[in-house]
Amino acid sequence: MNLIYNFSAGPAMIPRDVLNQAKKELHNWKNLGSSIMEISHRSEEFIQMALEAEKDLRDLLKIPDSFKVLFCQGGARGQFSAIPMNLLNNLQTADYINSGYWSNSAFMEAKKYCTPRSIFIRETNGVKESLLPMHKWNINENSAYIHYCPNETIDGLSIYEEPVFENKIVVGDFSSFILSRSINIKNYDLIYAGAQKNIGPAGITIIIIRKNIIGYSSKMTPSILDYKKISDHHSMFNTPPTFAWYLSGLVFKWLKKQGGLKAIEKLNKKKSDLLYKKIDNSDFYINKINSKHRSQMNVVFHLVNPKLNYIFLKEASKTGLNYLRGHSIVGGMRASLYNAMPLEGVESLVKFMSYFEKRYG
């Protein structure tokens, strides 16, 4: 079978080694004669797996004991509601840094629970879009917390600065950013991430939260979204998505085998640099993002002649390059280069882009 490269923004590629291991263990996990999907989440074997997964994640991100790691459900959109219900702590406002679709979606959901402020940080210099540096964010001293999204998957924008805001709770939507590079977890109070991009399959959401901000949920908070309830029950207040948890744990082990986040960060930069170089050296393809804020995870680009979009996608798919269509909001193309995307996949895409430009340019 010809190699297929999946450039989907999510659900996204899972490392081939991980899929092969899951396939091998599917019918008989740990010699139990059953799949992990069939055994109790309260069994000794599952609990051991869950503890290992948390330990491996802590090792990768260097998470100190002052933080809890929660494995939840509901995706990032569930957290859009959970965050204000857990963190407002009787205050009436929070600051939402608006850098694109997902950060704005979090802001819109927060309006159900408080009067949040949207701080728009995008600006256009000529034809290139940029983002205001953090020291220019107009933070409200009375806000309960600051929420931002370091990587906007639809727009292909990233914030690489790490936040340093004194006496402020900092919340980050890391759904498409987590485990792609090293971060200083101590600069945050809560980060959350849907798994379906850099962690594993859809269905599980990871929350890393400073212990001292747990326990202040409003009375209206559903138990399934209450961080203290989830924490007290070791992420098993209800039956968790067991297979997604297991597969995420395999991905954590795979990442450690690759050399950890320093090695992954280096590879991710190499992949995105290769693709951006092709775009920048061409009059046939366009990227509209300032180089300082280009996403390494989601490379968005357009063809100068949009009439060729359909042909580009059709021919790319024939060569094993799938799911390159850009989001309907921005159009064009989007190549998602998450951790599981090998360098060879990006090289194949660049080679195809050169062929397509030569043929239709």
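Numbering starts at 1 and runs along the chain as displayed.
Glycine residues also receive a Cβ, built from the backbone N, Cα and C atoms like all the rest.
In Swiss-Prot, the pyridoxal 5'-phosphate site is described by ALA76, ARG77, TRP102, ASP173, GLN196, ASN238, THR239, and among THR115, THR153, THR221 the residue recorded at this site is THR153. Spanning the listed pyridoxal 5'-phosphate site, residues ALA76, ARG77, TRP102, THR153, ASP173, GLN196, ASN238, THR239 have a farthest Cα to Cα distance of 31 Å. Under 8 Å, Cβ to Cβ, and six or more positions away along its own chain, ALA76 (pyridoxal 5'-phosphate binding site) finds TRP102, ALA106, ASP173, SER175, TYR192, ALA193, GLY194, THR205. Across the recorded positions listed here (ARG42, ARG77, LYS197), the residue whose Cβ sits among the most other Cβ atoms within 10 Å is LYS197. Non-local contacts of THR153 (pyridoxal 5'-phosphate binding site) by the CB criterion (under 8 A, 6+ apart in sequence, same chain) comprise ALA9, GLY10, TRP102, SER175, SER176, LYS197, SER295, MET297, ASN298, HIS327, ARG334, SER336.
In the three-state DSSP scheme, ARG77 (pyridoxal 5'-phosphate binding site) falls into the helix class.
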